[in-house]
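Structure, as structure tokens:
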Amino acid sequence: MSEDGSNVEPGGFPRFESLEEPGSEISDLLDEASPYSKSKDSNQIYEANPSKDTEQSAASFTSQLDRNEEKNTGIPFSETNIADIIPLSIEESLQSSGSSETKMAEDYYPVKFPTGRKFRGRIFNGNQKGLDMKSDNFTVNLDAKGLQEFPVDIVKVKYVKYLYLDKNQIKNFQGIDPGDLLGLEILSLQENGLSSIPLEIQLFHNLKILNASYNEISQIPKELLQLENMRQLLLNSNHIDTLPSGLEHLRYLETLSLGKNMLTYIPDSLSSLKNLRILNLEYNQLTIFSKSLCFLPKLNSLNLTGNMIGSLPKEVRELKNLESLLMDHNKLTFLAVEIFQLPKIKELHLADNKLEAISPKIENFKELRLLNLDKNLLQSIPKKISHCVNLESLSLSDNNIEELPKKIRKLKNLRQLHVNRNKMITMTEEISHLSNIHILEFSGNQITHVPIEIKNCRKITRVELNYNNIMYFPVGLCALQSLDYLSFNGNYISEIPVDMSFSKQLLHLELNRNKLTVFSKHLCSLTNLEYLDLAKNQIMTIPSCISAMVSLHVLILSDNKFESFPKELCSLKNLRVLDISENKLQKIPLEISKLKRIQKLNLSNNIFTNFPVELCQLQTLEELNISQTSGKKLTRLPEEVSHMTQLKILNISNNAIKDIPKNIGELRSLVSFYASNNQISSLPSSFLSLEVLQSLDLRGNNMTALPSGIYKLSSLKEINFDDNPLMRPPMEICKGKEMHMITCYLQRADERDEKILEKIFNIVANSITETNFEFLQQKLNMASSANNMPVRPTTPLNERIYQALIKWKAEKDVQFTATALRDKLFRALNMIGAYDIMDKITALNLYTSAIKL
């Protein structure tokens, strides 16, 4: 249910409830999916929220997605891998003229996000208002319903066009008749654990799109090749090692995605797919760029990322319509000159290869928009790159480049330039002529200064110059009115110039690991600054003018020279995160209560003698770290800590705290409690009130027992009691929880201890004299047990002793574990001087310990 109690996803999309039993009847679900069951928004559109941390190559996808949303078109795939081919306008393409020559490639785009990310979307659900039985646009979504069989009841819905069965356990299509689902055009079977594509697939004659990614399919059946209307076939993340013969039957196929399989070669028959526009073969085991790939006349996008290809064939020049070539993470040592005969290439990804040089013929790439040459062995870039006048993104990081060509100034459309971790000593002035540059990254070089002419790059928004040899803050950057992100970590800057006060538009500033000795007053003029990192400098005080920094949300001052908490910080009323760890703070001022919005506070590795109770006034605090790996140790956690009712994460590790406050249970929001390497011997009973606690770390303490009801912490997922006197946590911790492995371990441990105790009883029974056994009975208070046992006159002594010990164990089982009884028996044997028996028991213990190890 949504937060408001409705059965609707955010954005207005219907939410399906889970089936009670896998494989149960789905007619109710079909009724729920029916447009007649509920009134739904007729203008539902596809929603997407890609991560901001994407490659530059995703920019074109983002803009196309925006256009798509403006048109209210949608995506039929409820979830697909972000590295797969993402459909952008299925509805539009399938409702076109109906011709088999439909140009679906325009509705698809190969997305190059970091591999492994998941793209979550929702099915298109438009045109439902007024839908009747004559409609040919019905969608059924049965994702993650626990289905084990194909839902044959689906045939009750006559006009199913899009069917989604992702994340079930469907293995076959039994029960489907040839006449059923004749109108089905899209079928998605992601994550069903399929070992093969069901042969019944051939019955869906009108199928145009099949997505069977994330299964365990090892081969493509010939029956699939009979689906002549197939436009798009997605089989990513399976175990396919060969392509079948007969591919020529899929003559209308436009998209073939076989990423993350086990293909070692590409058959010549692939060249028969004359309408293929998008081919994804990323992360297979290809060692050769097959010539058959070169004779796909309509191929627009080719992804060979993550293979072991060492060279390109001359025939690559035949790919006249190729616009996007992805060959990152291969073994290319050179580029065949024929590749520079591709007139339409717009994106070329060659990162993480072994290229030593780029041919001057790169000048032929007049349409090139993106060039990624990261992680190669390049020492220079050809001057002719200046002829790539449409280039927008150039990435050269992690090479051995010493300088950029002066003619780079001609790249008037360049928006992003990444030259991190090379061998550059100077930043050429020619960069100042890049009038459209937005992002400039030169981190990890040996640059000593930034030319003043940089001020001419008026559109720059982000500059990164970390870990260079810059001694003076580049004043040219202060004139850039669009600059909002600036990072100068790991340089030798000792002061901030007055010009900095003019950069009022700056939002993010990093200057950690420099030589600053004061918090410059010029920084106080940055009234829009939200993030400031001054860690690992030599700052001792904070000026009062910091109160002018009204937008500051994150302030990092760790590893400086503060000997007292600067009261001036307490004027930052919008501060959310403060890190002032690794200093020499001894106390916290009362004024800290003025930080009304503080959420995260790191005070670790200072020299507090007592826990600063002033912190307990922070009603909005969610994370507190006051751990100590060096210096003075805290010995007490005050009861006032319970006042921080919003606290979610508390870290008091590496101190000398002995007791946890009795009212700790009042921290009802606590999710993680880190208290390793202290001197804690027990937890108070109120600890059981921490109902949302998920992580508990009590390593290296003096814990001898845990509250018996700790199993009531139903949210607990991670526990660590290593290096405590506990033999093991009590069984109650794990019973009924999701820690089945621990439960099994504890059960086996109990069984093992029981067997060891029985062996010890046998040793005692077969070794002790009758006189000594009488003494042993007295020490163990078991005389009554032995005397009340029915013993036959002929029963051997060792049998009588063994039965007496078993009876004693039965009486004590409720109170003591097998291990405790063993220790109790061992002490009693020592009292009566039965040293020979003790030696035998010790030998047994050593033997069992060795076996366990």
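In case you wondered, yes, glycine gets a Cβ from its N, Cα and C as well.
For reference, Swiss-Prot has these:
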- 1-78: region 'Disordered' (REGION)
- 19-31: compositional bias 'Acidic residues' (COMPBIAS)
- 56-65: compositional bias 'Polar residues' (COMPBIAS)
- 159-180: repeat 'LRR 2' (REPEAT)
- 183-204: repeat 'LRR 3' (REPEAT)
- 321-342: repeat 'LRR 9' (REPEAT)
- 367-388: repeat 'LRR 11' (REPEAT)
- 436-457: repeat 'LRR 14' (REPEAT)
- 482-503: repeat 'LRR 16' (REPEAT)
- 505-527: repeat 'LRR 17' (REPEAT)
- 551-573: repeat 'LRR 19' (REPEAT)
- 574-596: repeat 'LRR 20' (REPEAT)
- 620-641: repeat 'LRR 22' (REPEAT)
- 669-690: repeat 'LRR 24' (REPEAT)
- 692-713: repeat 'LRR 25' (REPEAT)
- 757-845: domain 'Death' (DOMAIN)
So if I exclude everything within five residues of the ends of the repeat 'LRR 14' (436-457), which remaining residues of that chain have a CB under 8 angstroms from its CBs? That is, six or more out. 397, 412-429, 463-472, 474-477, 479-480, 487
May I ask for the residues of the chain that lie six or more residues beyond the repeat 'LRR 24' (669-690) and have a Cβ under 8 Å from a Cβ within it? 622, 627, 645-663, 696-707, 709-710, 712-713, 720
Long-range environment of the repeat 'LRR 9' (321-342) - Cβ separation under 8 angstroms, sequence gap at least 6: 110, 112, 282, 297-315, 348-359, 361-362, 364-365, 367, 372
Chain residues outside the repeat 'LRR 17' (505-527) and at least six past its termini with a C-beta under 8 angstroms from it: 466, 481-498, 533-543, 545-546, 548-551, 556
Looking only at the repeat 'LRR 14' (436-457), report the model's average pLDDT. 96
